[in-house]
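Enquirer: Structure below; questions to follow.
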């Protein structure tokens, strides 16, 4: 009896020990299979975060580009020579090109298959220029931008086969741009520069040229009837130019140059 009881107790102890060993082994396996914590000094574990690396890099680059775009746009504003980076909204761009195709001057040139040149003064990242290129009826779409960061972004986007032949970007002050060959000029400038810019366009643009101004109107100019919608204003040379009352003789001379 005593021998049998002793053997039974030994077997029970072995079974209990086996269960404890099994649990211990299971715990050790879980520990071994779990990822090791990553520390700043552990170069062997940097690959464990490799999945987030591209996202972090992209975010840093995007933040740098945005910061640079804003910083480089400030000097012209402070000097009264330009406007900060104010990207035209998708809605504004849609209105612009929808209404352009309705204007008699543009319709006539399309029907006659004439070359139509599109200029964007302060083209930013190139979104308006690229949309003009996609419209298909502009011979050339050119953007002028003084901000080197935005100019670089637009140029990189413009090297794709879709745009490389009918778009062009130049890093140039809008005041030095030659407007004499432009058929359509788009601008998104602040109010303080619009009067001076209006005088430049009046003296350089050819009769029949169209000016599209986003948000801000041009002092002394009258938008085409029924063309201003969603803060997009359309003007035509010379119909939109209101003669000055104080300089009637000078106005007559100016009007004759357009006839």
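Any Cβ shown, glycine's included, is placed from N, Cα and C.
What TrEMBL records for this protein is below:
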COILED    3-30  coiled coil
DOMAIN    102-150  domain 'DOT1'
TRANSMEM  55-74  transmembrane segment
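Could you tell me the structural context for the features on the list?
Expert: Per-residue pLDDT, averaged over the coiled coil (3-30), rounds to 52.
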Enquirer: Helix, strand, coil residue numbers for the domain 'DOT1' (102-150) per DSSP?
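Expert: Residue counts in helix, strand and coil order: 20 helix, 10 strand, 19 coil.
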